[in-house]
Amino acid sequence: MLPMITGFMNYGQQTLRAARYIGQGFMITLSHTNRLPVTIQYPYEKVITSERFRGRIHFEFDKCIACEVCVRVCPIDLPVVDWKLETNIRKKRLLNYSIDFGICIFCGNCVEYCPTNCLSMTEEYEFSTYDRHELNYNQIALGRLPMSVIDDYTIRTILNSPQTKNG
């Protein structure tokens, strides 16, 4: 009879332990019910990017002096700079400037080291396309400024920074 009583006691202890574990899991689930959802409904909602976000590169053709510093500091030698030497004024004249965003790693070295600040990072990050050759931007495509997410009335913007509590 003694083994039967110890068996019932072990069964009772295991039942209580299982109920405690189930209760702990349920309490964790209940603690998450008051939180805001983390998922963003992407095409209709967008996160406002931070100030230092490295998106598509914007290029100003008039400021460029064709020094090719951007090519030298790029880890993958990506920007293609075509220029012609004007012998009468002894200066380089920029003919073509292009960047293939299918290869670009968005490190920002070209923007940081440009002596004339003709390159800047924008908040544009949508590069989806069916043909990867459309990701090769010339100076005309690089010169276009993207539409700001904040100005787009069809999209609800969500702040990226965590909300701080005063108190």
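Every residue gets a Cβ built from N, Cα and C, even glycine.
Keep in mind the model is a prediction, meaning the values are calculated, not measured.
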Site co-member for [4Fe-4S] cluster 2 according to Swiss-Prot, given C104, C107, C110, out of C67, C74:
C74
If you compare CA-to-CA distances from C70 ([4Fe-4S] cluster 1 binding site) to each of the binding-site residues C104, C107, C110, which comes out shortest?
C110
Of C74, C104, C107, C110, which is closest to C64 ([4Fe-4S] cluster 1 binding site) if I measure between C-alpha atoms? They're all binding-site residues.
C110
Would you mind listing, in sequence order, the residues at least six apart from C107 ([4Fe-4S] cluster 2 binding site) in the same chain with a Cβ closer than 8 Å to its Cβ?
R54, C74, P75
Integer Å distance between the CA atoms belonging to C67 ([4Fe-4S] cluster 1 binding site) and C104 ([4Fe-4S] cluster 2 binding site):
20
Report, in whole Å, the straight Cα-to-Cα distance of C110 ([4Fe-4S] cluster 2 binding site) from C67 ([4Fe-4S] cluster 1 binding site).
12
